[in-house]
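As given in TrEMBL:
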{"type": "DOMAIN", "residues": "217-344", "note": "domain 'SSD'"}
{"type": "TRANSMEM", "residues": "188-207", "note": "transmembrane segment"}
{"type": "TRANSMEM", "residues": "214-235", "note": "transmembrane segment"}
{"type": "TRANSMEM", "residues": "247-269", "note": "transmembrane segment"}
{"type": "TRANSMEM", "residues": "290-313", "note": "transmembrane segment"}
{"type": "TRANSMEM", "residues": "319-347", "note": "transmembrane segment"}
{"type": "TRANSMEM", "residues": "368-392", "note": "transmembrane segment"}
{"type": "TRANSMEM", "residues": "764-781", "note": "transmembrane segment"}
{"type": "TRANSMEM", "residues": "788-811", "note": "transmembrane segment"}
{"type": "TRANSMEM", "residues": "817-839", "note": "transmembrane segment"}
{"type": "TRANSMEM", "residues": "860-893", "note": "transmembrane segment"}
{"type": "TRANSMEM", "residues": "905-924", "note": "transmembrane segment"}
Amino acid sequence: MHDGKGILTRVTGRSAVLIVGLWVLAAAAANLAVPQLERVVDSHARSFMPTDAPSAVAASRAAQLFDQTPSNNFVYVVLERNQKLTPRDRQFYDAMTTALGSDRRHVYAVTDLWSQPATAAGAQSSDGRAVSVMVRLAGMLGTAQARDSVNAVRATVARLAPPAGLEVHVTGPGATIVDEFSAIDRQMLGITAATIGLILLLLLAVYRSPIAAAIPLISVGLALALARAVVAALGQSNVVEVSLFSVALMAAMTLGAGTDYAIFLVGRYHEGRRRGVTPAQALAEAYRSIAPVVIGSALTVSVALACLVFAQVGSFRSAGLPCAIGILATMVAALTLTPALMSLAIRRGYLEPRPSRTARRWRRVGTTVARWPGPVLVTAGGLTLLVALPLAGMRVGFNEPAATPSSTDSNRGYVSADRHFAANSLLPDVIAIQADHDLRNPAGLIAIERITRRVMAVPGVRAVQSASRPDGKVPEQATLSYQAGVLGRQFGDTMDSLTQRLKRVSELDSALAQTQLAVDGLGNGLRGGSAGLADMSGAAEDMRAGMDGLQRNVTTVSGYLDPLRDFVGRTPDCAANPICSTVDRVLQPVDSLVQTSTRLNAGAAKLTSGSSTAATAMSGLPQSVTSMKDALGQARSATQDLLGLTDTLGPQMHQLTDYLNEIATQFQGSAAADFYLPQRALADPRYTAALGHLISENGRAAYLLVYGDGSEWGGDGAKRADQVRAAIKEATKEGTLTPTEVDLAGVGPVTADLQRFVAGDTKLLVGAALVLIFLIVTAMLRSPVAGLVVVGTVVTSYASAVGASVLIWQHLLHQDLHWAVALIAFIALIAVGADYNLLLALRIKQEAAAGLKTGIIRAFGGTGGVVTVAGIVFGLTMLALLSSSVLSIAQIGTTIAVGLLVDTLVVRAFIVPSIVALLGRWFWWPRTIPRRASVAVETPEPQPVPVATAAGWRP
């Protein structure tokens, strides 16, 4: 034994104590030199979504539009009482929002809707027993900063001490993620202890020796301790991404793989001792035959896990390198520490095999497979296909609250909100629309309302809050029907008053007649010459008095019509408006009469003045009198026209008033009443306060909060996000608002992004893992056909595992498979399952020189029990994850455990060897296996060497 493996075996034997001591020192020093891995995760956890994800970019850009610090970390604080909220509850709410708003380090914004009358209905439940407030916090979802911010809010609530009977919960997306990771952290120690306990019990049952059972646990324990320290150091330096999810998965994978490697070595050693070889030779043979398997297995698993580093989803990406480092650490431990521990145990006779019939039983199984490979393949293949059938109906779940323990504060907050508010009241999708002009005007609000209505038409949308609907409903005052009713009432009142006042026009006509008589008298006086000058002067004074009275009456009547003049002046294109043009026809004769009375009064003034200087003015008086007579004629004609027009238009105006009032009555509360909010309403302080939450400070960006009916965390929210985008595009094809940017944030858009990322990561990583594992297995077996068979059969195990999980979780327990399960289980099963099949194939290759069927039977006898124990141990290790109350962890453990058992007991035991038997020499193509002399198919099982012989052995 002069090869490298033989030398290493002797070194590990002679220097066993030194090697064990070095491992203990390395693990202890490494853990003392760097912080514990959980502390590194606390301070270096990253967002589980890429920063360039559309929903993350949307959240950041929306915050910037409203002059806020970018963040997608939203929580809601829900206050609930089993009766109506009290004034003390309101005082607590005010104190809480004030305290949160003053925490500049953790809190970016507090959206206090309850304090604003226009938006209070959107914050308080209809029964008055609950209220919620949205808080935007520092940090992106999944990061350490986000966790600290959520904990700071909870600390503030606890410090303020809610009044007795008032329940306060911090919930929402940010709190859900924090609670999910916190649950993993709390349960980590218990899961690890349960895993070690299950492994120990199974090893004791198999080996019936505490020393033999302790060797795998000591080896994997030190390997895990060293791997944790290495990952912590790399994570602290930001070289490797870490998360609580990766910590949990690394512990399970390392414990399972490391125990398997130790079982392989101990099992092969026991096989040699049962054949009667010396302890030194048995250990050397075990090392020489198992070391390549351990190296190939570790490379297969670690390379497959390392592929996760290319994932876009943080949970996948963070699990890759830490788990790969853990597997590599177990490989080094299996090649150095485990042989050293075995050497120490062998010296004292603690590792001798117990009598067992296991090898004989497995040789019988191998004989059956070798003789009837076709029927065996059909039967085993049919069984795996049957188990895989539920896979066709698999539903992938993206509901994070459902994956989190129901006892968490966030889930209790959701339950509390659902008792008092409509569905998804705490999970709105946020639409940020950016425009190139100010939207704080009637035209801008009409455009926002058009978008709002389009979004409301999307299936599954139950309500939308926007600048046109601050509380989710169109304000009664913001409809054309309401404005028509107001105009009708005002117009009716004005017409009633105007009708009464226009009756005085007849008095005006009398005054004009009196004035005309005075002018006639003046004319007669002028014809009397100088003798009648005195009479003319008196007549002029009488006429002047009449003109003054006439102008006063005309001015009074005209003043009554000022409201109508304002209406005509504010109406653009009055001639095209039937109401405005009718009013204008009323005003025109009145305005003409005012102008005429002004001219008459001026003429009377001239006559009065002229009477005092009659001699000089005598020559001009006849002409003035004639002009006055013409003007009086025009005035009387205008007065008669006005009286006639009033009699004609009066019934029409009353009919118009009735029509406007009927519109207001018929369309009251109807969605068909078109939106219109006058400019003066925007100055209302109540409405201005509401707009502050929904329109940016410069007026060029607007928020829409979209509330759905279905599962916001699942497919409903993701599907609706795409439909909302399409609705906004359709609504802005025409009109005054052409958005420069439209961003969607919230749970629905995040779920849509997550679905796309998971699908993309799955395609990339499945392809990469299959190719890399195929290359490694092909290199180990030196046959692409063998590599294809090994990888293909493991894919069969994976399909059966997922099918079984769908049956258990989806059909029996009514829980969809979490989105992280399929990919993580695939990477683990493909890698670990390939190891078991690889070990069997390598053993068949070693024994095939005696004939293929003989090689299959001997391979079963040598590896059957070992691989079965290893598969069950690894399966139970993953099954221990079922004790976690976090759904994703429990489902991953179940799926991998079922897959390992299927692979160990069905695929490795029946499908792979039957395919080898059917393919024959083509399984090893392009190489051939040279045959030795014929050897009997079954050999008697050797008796173990007495313990005393082993106890005296020294390598």
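Each residue, glycine too, has its Cβ placed from N, Cα and C.
TrEMBL: automatically predicted annotations, no manual curation.
For the transmembrane segment (247-269), the partner stretch with the highest count of Cβ pairs under 8 angstroms, out of 290-313, 764-781, 788-811, 860-893, is 860-893. Secondary structure by DSSP for the domain 'SSD' (217-344): 114 helix, 0 strand, 14 coil. With pairs at least 6 apart in sequence, the transmembrane segment (368-392) and the transmembrane segment (764-781) have fewer than 3 Cβ pairs within the 8 Å limit; the two do not touch. Contact between the transmembrane segment (368-392) and the transmembrane segment (319-347) is not supported, since fewer than 3 Cβ pairs fall under 8 Å when only residues 6 or more apart in sequence are counted. For the transmembrane segment (290-313), the residues of the chain that approach it from at least six positions outside its boundaries are 5, 48-50, 253, 257, 260-261, 264-265, 268, 319-321, 323-325, 327-328, 330-331, 334-335, 754, 757-758, 760-761, 764-765, 768-769, 772-773, 776-777, 780, 820, 827-828, 830-832, 834-835, 838-839, 842, judged by C-beta separation under 8 angstroms. Below 8 angstroms of C-beta separation, residues 38, 213, 216-217, 221, 244, 247-248, 251-252, 255, 259, 263, 266, 354, 869, 872-873, 876-877, 879-881, 883-884, 889 of the same chain, each at least six residues beyond the ends of the transmembrane segment (188-207), sit close to that stretch. For the transmembrane segment (860-893), same-chain residues at least 6 beyond its ends with a Cβ under 8 Å from one of its own Cβ atoms are 180, 183-184, 187, 190-191, 194-195, 198-199, 202-203, 206, 245, 248-249, 252, 255-257, 259-260, 263-264, 267-268, 271, 356, 358-363, 365-366, 369, 402-405, 805, 809, 815, 817-818, 820-821, 824-825, 828, 832, 836, 839-840, 843, 847, 900-901, 903-905, 908-909, 913. Across the residues of the domain 'SSD' (217-344), the predicted structure has a mean pLDDT of 89.
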